[in-house]
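Engineer: These came from TrEMBL, pasted as-is:
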- A:Thr99, A:Ser100, A:Phe128, A:Pro129, A:Thr130, A:Asp131, A:Asp197, A:His200, A:Tyr222, A:Trp252, A:Thr278: pyridoxal 5'-phosphate binding site (BINDING)
- A:Lys223: N6-(pyridoxal phosphate)lysine (MOD_RES)
2 protein chains.
Amino acid sequence: MPRGLAAEATALDDGDVLRAVRKEFALDDGTVYLDGNSLGALPRTVAGRLAEVVGDEWGRLRIRSWTESGWWEAPERVGDRVGRLVGAAPGQIVVGDSTSVNVFKAVVAAVRLAGPGRDEVLVDAATFPTDGYVAASAARMTGCRIREADARDIPGEAGPRTAVALVNHVDYRSGRLHDLAGTTAAVHAAGARVVWDLCHSAGALPVALDAHGVDLAVGCTYKYLNGGPGAPAYLYVRRDLQPRFDSPLPGWNSHTDPFAMDSAYAPADGAARGRVGTPEILSLLALDAALDVWDDVALTAVRTKSLALTDFFLRCVEAYAPEGRVESITPAAHAERGSQVSLRCADGAAGVMAELIRRGVVGDFRRPDVLRFGFTPLYTGFAEALRAARVLGEVLAG
Amino acid sequence: MPRGLAAEATALDDGDVLRAVRKEFALDDGTVYLDGNSLGALPRTVAGRLAEVVGDEWGRLRIRSWTESGWWEAPERVGDRVGRLVGAAPGQIVVGDSTSVNVFKAVVAAVRLAGPGRDEVLVDAATFPTDGYVAASAARMTGCRIREADARDIPGEAGPRTAVALVNHVDYRSGRLHDLAGTTAAVHAAGARVVWDLCHSAGALPVALDAHGVDLAVGCTYKYLNGGPGAPAYLYVRRDLQPRFDSPLPGWNSHTDPFAMDSAYAPADGAARGRVGTPEILSLLALDAALDVWDDVALTAVRTKSLALTDFFLRCVEAYAPEGRVESITPAAHAERGSQVSLRCADGAAGVMAELIRRGVVGDFRRPDVLRFGFTPLYTGFAEALRAARVLGEVLAG
C-alpha cells in the first residue's frame with residue numbers, strides 16, 4: 001500500500017494545475033511546510049518590492065510618498081485585491097489594524113445597526129479566543145450580553161434578542177468549515193447581523209461574501225494569503241451598510257477630509273470609513289507584493305486541490321500511523337472541511353510535533369492534544385503530504 | 001546681515017556635537033528636509049535589517065521565528081527602547097497598533113480607573129484631530145461627556161467630575177510645548193488621570209514620564225523616532241497602574257497565557273497587557289533597527305541643538321522674509337517651544353509651500369494658512385536652516 005501511495009502522489013503532482021505556483025515561494029530547504037495556516041511562506045516578490053519601498057519611497061521621496069507613491073490609498077487598494085479572493089466587489093474592504101481590532105469595529109458597528117431590544121451578541125463557542133475576548137468587550141461597552149453557541153447551532157440560536165452573531169468560517173482548531181450561506185440566511189431571518197471571521201478560509205477556498213449577503217467580515221492576511229508576519233488584517237462592510245457603519249474607532253484616517261484637520265468628526269464614505277490611524281505601510285506593502293502570486297490563480301482550483309491534498313493526507317496517515325495513536329477531528333465530508341487536517345494525539349502530542357519539526361515536517365501543536373497540518377494549495381504538493389504522513393508514522397512508532 | 005548669518009551657520013555646524021549622526025541617514029540628495037516631524041528620514045541600518053527579517057526570519061525560519069527570532073516579545077523589547085527616550089523605566093511601554101487605537105485604550109482605561117462620579121473627559125481643544133475623535137468615542141462608550149479646554153488651562157479646568165485629561169505634549173500645529181510636569185501634578189491634585197500624547201515631543205526633547213508620575217501616554221514612532229511610514233505607535237502604562245489597567249481591546253496577545261487558547265480572558269501582567277492582536281512584525285522590526293541611531297545620543301544634546309536650530313531659523317526668517325508676509329505662531333520662549341517652527345502665511349500659504357518643495361526645501365502646509373518646518377536635531381544642520389529661510393524669502397518675494 002505505501003508503494004501505491006507513492007505512485008499516486010507522483011501522479012497527483014503531475015496533474016496539479018497549481019504546481020508551477022510553488023516556484024514563486026522561497027521553499028527550497030527540503031522542509032515540508034504545513035504551517036501556512038499560521039504563517040504563510042515568503043513569496044519571492046516581497047523582498048525586492050520592500051527594498052524599493054524602503055530605499056526609494058521612504059528613503060528618497062520621504063513624505064512625498066504619501067501622495068506620489070500611493071501610500072494614502074493603499075488600504076483601500078489592497079483591500080480590493082483581497083476582495084477578489086473573498087467574493088467582495090471593489091469598495092467594501094479596507095486593510096489595516098489587527099484582526100482583533102477589526103472584530104471590535106465590526107461587532108460594535110453591528111450592534112449599532114441592530115433594532116431596539118436586540119442586546120445579545122451570539123458567539124461561536126469554539127472561536128479563536130481573541131474573537132471571544134473582544135466580542136465580550138464590545139458587548140460590555142454597548143450594553144449587550146454574550147451568549148455562546150456551537151457554530152453549527154447558530155442558525156437556530158439566533159433570535160429576537162440577537163443583535164449580531166460572530167462566527168468563524170473555518171474553525172482554527174478542528175478545521176471544520178461552517179455553512180456561510182445557510183448561517184447568514186438564518187441569522188438574517190432572525191433579524192440580526194452576522195460577522196464572519198475568515199482567517200482560516202480566505203485564500204484556502206472560495207468565499208462569497210457579496211453573493212450571500214454577508215453584513216460584515218474580518219480576516220487576517222498572514223495565513224493562506226502569505227502577507228508576512230503580523231500582516232495587517234481587513235474589514236469588509238457590505239456596501240449598503242456603509243452609510244450606517246458607526247465605528248467605535250473613528251480615527252482621523254476615516255474622516256471624509258482628513259487634512260482639513262477638523263475638530264468635528266465626519267466619516268468618509270465607503271470602505272475608508274473602517275480605517276483608524278496611519279497604516280503600517282511597510283507591512284501593508286509587503287502584503288500588497290505577496291498578493292501578486294494570486295494574479296492568475298482561480299479559487300476553484302485552490303479548493304479542488306485543497307480537498308485532494310487533505311483527502312490524500314488522511315489516507316496516508318491511515319496507512320502509516322500506528323493503529324489508535326491519532327484520530328482526525330477534521331470532518332470527512334468535503335462540505336465541512338477547510339484546508340487543514342487536525343489529528344488528536346492523546347499521548348504526547350507536543351513531543352510528537354517537536355520531533356516532526358526536527359525531522360523537517362512543520363505543522364503545529366494546539367494544547368492539549370491537537371496536531372495541526374495546514375495544506376496550502378499554492379505551494380504544498382502531494383509527495384509532501386505523503387512524506388509528512390510517513391514521518392509522522394515513524395515518530396509515532398519510534 | 002545675511003553674510004553674518006552664513007558665518008554663524010558655519011560656526012554652529014562646526015560646533016554641533018550631533019553632526020556625525022546625520023551620516024546614519026539617507027540624506028544625500030541636496031534636499032533640506034524639514035518634515036521629520038511628519039515622517040522621519042530613513043536610517044541607513046533599516047534596509048539591511050529588513051532584508052534579513054524578510055529573507056532569513058520569515059523566508060527561512062518561517063513560523064519558528066515567533067520564538068527563535070524573538071518576534072513574540074518584540075513589542076515589549078522595542079517598547080523598552082522607546083522607554084529610554086521618554087523617561088520610562090523598562091516594562092512600562094508596549095509598541096503596537098496606531099496612535100489612534102492607543103488613545104482609545106488609554107482613555108477608556110483611565111476612565112475605568114477613575115473614582116465614582118467622575119464622568120468627564122477633558123480634551124486639549126487644539127488637539128490633533130484623531131485624539132479628539134477617539135476620545136469622543138471612548139467617552140460615548142463609557143458614559144462620559146467630553147469637555148474641551150485650551151491645553152494651557154487644563155491644570156485649572158480639571159475638577160471633581162474629571163476622570164481623565166488628554167493632552168498633547170507639543171501642539172502639532174503651533175509647535176507649542178505644554179507643561180507636562182505642572183499639568184500632570186494639577187490633574188492629579190484634582191483627583192483625575194492624565195494621558196499624554198507624545199507624538200510631537202518624543203525624540204525631539206527629553207520627556208520624563210516616570211519622573212513626573214504620568215499615568216498613561218501614547219505616541220507615534222514615525223516622526224522624530226524615524227521608524228518609517230506608519231510605524232507602530234506605543235502605549236505607556238505606569239507600573240503601579242498596570243494591575244488595574246482594564247483594556248477595551250483585550251486581544252489574545254494581552255492574555256497571560258496566549259497559547260493556552262483559553263476561552264476565558266485573563267490579562268497578562270506588565271506592559272503586555274496593552275497588546276491586542278498579532279503585531280505587524282515588518283514595520284515593528286524596521287522601527288527596531290531605526291532606533292539604533294539613538295544608541296549614543298543624549299536627549300539633552302538633542303534639546304540644546306533643537307532650540308539653537310529653531311532660534312537660528314527664526315532669526316534667518318526675520319532676515320530674509322519680506323516684512324509682514326509671515327508671522328511665527330511658535331512660542332518664542334524656550335520653555336514653550338517644541339522642535340518645529342510654524343509660520344502663519346495669510347497670503348497663499350499652500351502655493352508657497354509647493355514652491356518651497358519644488359526648490360528643495362521640504363516642510364508642510366496645514367490648512368488654512370500654516371507653513372510648518374520641523375527641525376530634527378539628529379540630521380538637520382544650521383546651514384540648512386539658513387538655506388530654508390533664504391529660499392522662503394525668495395519664494396515670498398517672487
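Cβ coordinates come from backbone N, Cα and C, glycine included.
Unlike curated entries, TrEMBL annotations are predicted automatically.
Buried or exposed, and what's around them? Tell me for each listed feature.
Structural biologist: For A:Thr99 (pyridoxal 5'-phosphate binding site), other Cβ atoms within 10 Å of its Cβ number 28. A:Thr99 (pyridoxal 5'-phosphate binding site) falls within a helix when secondary structure is assigned with DSSP.
In the three-state DSSP assignment, the secondary structure recorded for A:Lys223 (N6-(pyridoxal phosphate)lysine) is coil.
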Engineer: Which number gives the other C-beta atoms within 10 angstroms of the C-beta of A:Tyr222 (pyridoxal 5'-phosphate binding site), all protein chains shown included?
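Structural biologist: A count of 26.
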Engineer: Across all protein chains in the structure, which of the binding-site residues A:Thr130, A:Thr278 has the highest Cβ count within 10 Å?
Structural biologist: A:Thr130
Engineer: Express the distance between the Cα positions of A:Thr99 (pyridoxal 5'-phosphate binding site) and A:Lys223 (N6-(pyridoxal phosphate)lysine) as a whole number of Å.
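Structural biologist: The Cα atom of A:Thr99 (pyridoxal 5'-phosphate binding site) is 12 Å away from the Cα atom of A:Lys223 (N6-(pyridoxal phosphate)lysine).
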Engineer: Quick check for the class: what is the C-alpha distance, in angstrom and rounded, between A:Phe128 (pyridoxal 5'-phosphate binding site) and A:Lys223 (N6-(pyridoxal phosphate)lysine)?
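Structural biologist: Their Cα atoms are separated by 14 Å.
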Engineer: What is the interatomic distance between the Cα atoms of A:Asp197 (pyridoxal 5'-phosphate binding site) and A:Lys223 (N6-(pyridoxal phosphate)lysine), given in whole Å?
Structural biologist: 13
Engineer: Using a 10 Å cut-off on CB atoms, tell me which of the recorded positions A:Phe128, A:Asp197, A:Lys223 is the least crowded.
Structural biologist: A:Phe128
Engineer: Express the distance between the Cα positions of A:Lys223 (N6-(pyridoxal phosphate)lysine) and A:Thr278 (pyridoxal 5'-phosphate binding site) as a whole number of Å.
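Structural biologist: Given the Cα positions, A:Lys223 (N6-(pyridoxal phosphate)lysine) is 23 Å from A:Thr278 (pyridoxal 5'-phosphate binding site).
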